[in-house]
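A.B. asks: Taken from TrEMBL, the feature transmembrane segment applies to 19-39, 80-99, 111-129, 135-157, 169-191, 197-221, 282-306, 318-340, 383-407, 419-443, 449-470. The annotation domain 'Major facilitator superfamily (MFS) profile' is assigned in TrEMBL to 26-473.
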Amino acid sequence: MPAIVISESGGGQDFPAKLTGQVVVCSVIAAFGGLMFGYDIGISGGVTSMDDFLIKFFPAVYEKKHRAQENNYCKYDNQYLQLFTSSLYLAAIVASFFASMACKKFGRKPVIQAASVFFVAGAILNTVAKDLLMLILGRLCLGAGVGFGNQAVPLFISEIAPAKYRGGLNICFQLLITVGILCANVINYFTSNMHPYGWRVSLGGAAVPAIILLVGSIVIVETPTSLIERGKEDQGLKTLRKIRGVEDVEKEFNELVHATEVANQAKHAYRSLMKRNSRPQLICSALLQVFQQLTGINVIMFYAPVLFQTMGFKSDGSLLSAVVTGLVNVLSTLVAVFSVDRIGRRKLLIEAAVQMLVAQSVMGAILAVHLKASNEMPSNYALFVVFLVCLFVSGFAWSWGPLGWLIPSEIFPLETRSAGFFFAVSTNMLFTFLIAQAFLTMLCHMRSGIFFFFVAWIVLMGSFAIFFLPETKGVPIDEMNERVWKKHWFWKRYFDDDDREMQAKAEEKQLA
């Protein structure tokens with residue numbers, strides 16, 4: 001597993017560093033991995049609402065969709081249709097495990113390049129697909145690309161970014177995800193009228209950000225941490241000077257060397273992750289990933305066109321509504337970029353939980369009253385639901401979306417950081433798969449009640465942020481245990497054994 005070393009002084013001092021053009025360019029290019037991921041999220045829902053696509057691969061769904069008396073909530077209830085969306089995330093779980101090992105052995109840069117190659121292959125397979133098997137195989141290749149990209153890109157950006165810019169640069173990954181979703185929605189809007197192969201253009205478009213990433217990755221540098229951990233210390237020092245824009249990098253270089261040596265001594269990171277004093281970070285990291293998916297956000301982004309068609313929008317109208325929500329998603333993520341290192345993590349999470357709670361509750365109530373099994377929702381209420389979706393998306397985009405990736409990279413001590421980050425990525429992909437696979441069936445059986453299902457989870461995650469999640473803003477990573485976890489009203493009990501052990505060693509030293 002790769003040692004995720006994020007350069008920040010254990011003593012709280014800043015190392016000399018400038019925000020160089022090299023770091024910005026490398027971060028933006030790497031963040032195109034997020035654009036690939038976001039494009040796929042956005043393209044799936046639009047394509048599955050296109051009649052030409054349904055006729056080709058899911059004729060039973062097409063017939064149900066156009067049946068006069070078909071239940072509004074069950075038009076798209078088909079396990080194979082859901083598998084088209086969710087198979088990607090199952091492949092990503094497996095791929096992220098191999099990607100974590102490849103990051104350590106070969107470096108971050110080759111793994112990012114491999115992600116783009118997998119994604120190009122998947123896009124080609126989907127574009128020329130002649131049957132469902134070929135379509136699913138293409139999705140599995142895309143999943144491998146997502147797994148490799150999501151494992152390597154946040155790690156890459158964290159390792160090249162100066163400590164005081166880490167939060168904002170990391171969120172560039174999430175920002176590019178939202179841009180990818182928006183691009184996909186715009187493309188779907190235009191290709192929906194390109195009969196009969198508009199869906200092929202939409203799916204083939206996934207190759208564009210992957211090719212940009214592949215070409216761009218030729219010019220990005222490898223991270224100093226990766227070079228050092230693979231025994232290339234001279235090259236690591238040279239690269240560190242290049243990305244920091246200053247000559248005086250010896251202190252940071254020495255700390256990276258020391259941190260890498262310590263990390264390499266931790267032979268059993270997963271075993272250490274199961275110890276009592278690792279439970280606070282493990283539990284919080286896992287719950288952030290679970291809660292991120294159980295906000296219902298991917299349901300909205302995957303199936304926005306399908307959801308809007310369910311409410312009575314025609315095909316063009318539903319895709320246009322998805323474009324609007326995608327634009328809100330991008331603009332709101334910018335709020336996180338500029339506020340996360342000022343306002344703090346907890347305040348953003350708590351505010352957004354309240355905002356999403358209100359939006360989902362009112363949305364569910366409107367659908368319960370005005371959208372029955374076989375009617376069409378009045379247009380004024382349908383438009384208000386679009387507004388509520390935008391309100392919900394904006395809250396997610398400046399909180400649980402980007403911070404779900406940022407916080408796990410901050411809270412683990414060095415010896416378990418790589419294992420903990422892999423655990424976070426895998427948990428995220430697992431629950432993304434489960435939600436994607438189950439949503440249309442849940443919508444059919446629970447109808448508007450599905451929104452209240454997510455409301456219950458939002459109440460739970462808001463309470464978690466208030467009572468159990470400590471603030472990590474401005475805290476040096478190597479001091480996280482001492483300054484955050486050991487002082488938290490609940491989690492400090494998990495470190496009692498550590499304190500007693502340290503006290504015993506100190507007493508032995510005094511006696512000696």
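Numbering starts at 1 and runs along the chain as it is shown here.
A Cβ is built for glycine as well, from the same backbone N, Cα and C atoms used for every other residue.
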A.B. asks: For the transmembrane segment (318-340), which stretch among 19-39, 169-191, 449-470 has the most Cβ pairs under 8 A?
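C.D. replies: Answer is 169-191, with the largest number of Cβ pairs below 8 Å.
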A.B. asks: Mind checking which residues of the chain, 6+ beyond the ends of the transmembrane segment (111-129), have their Cβ under 8 Å from one of its Cβ atoms?
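C.D. replies: Contacts of the transmembrane segment (111-129) (Cβ under 8 Å, skipping residues fewer than 6 from its ends): 30, 33, 36, 57, 95, 99, 102-103, 135, 137-149, 151-153, 156, 200, 203-207, 209-211, 213-214, 217, 220.
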A.B. asks: Are the transmembrane segment (197-221) and the transmembrane segment (449-470) close, by which I mean at least 3 Cβ pairs under 8 Å that are 6+ residues apart in sequence?
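C.D. replies: Not in contact, no.
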A.B. asks: So, does the transmembrane segment (135-157) come close enough to the transmembrane segment (19-39) to give 3+ Cβ pairs below 8 Å, pairs being at least 6 apart in sequence?
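C.D. replies: Yes, the transmembrane segment (19-39) and the transmembrane segment (135-157) are in contact.
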A.B. asks: Can you work out which residues elsewhere in the same chain, 6+ from the ends of the transmembrane segment (169-191), have a Cβ less than 8 Å from its Cβ atoms?
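C.D. replies: Apart from its flanks, the transmembrane segment (169-191) reaches 23, 27-28, 30-43, 46-47, 50, 153-154, 157-158, 161, 198-199, 201-202, 205, 209, 301, 304-305, 316, 319-320, 322-323, 325-327, 329-330, 332-334, 336-337, 340, 397, 401-402, 405-406, 409.
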A.B. asks: What parts of the chain pack near the transmembrane segment (80-99), using Cβ distances under 8 Å and only residues at least 6 beyond its ends?
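C.D. replies: Distant Cβ neighbours of the transmembrane segment (80-99) are 40, 44-45, 48, 57-58, 61, 111, 114-115, 118, 132, 135-136, 139-148, 150-152, 302, 422, 425-426, 429-430, 432-434, 436-441.
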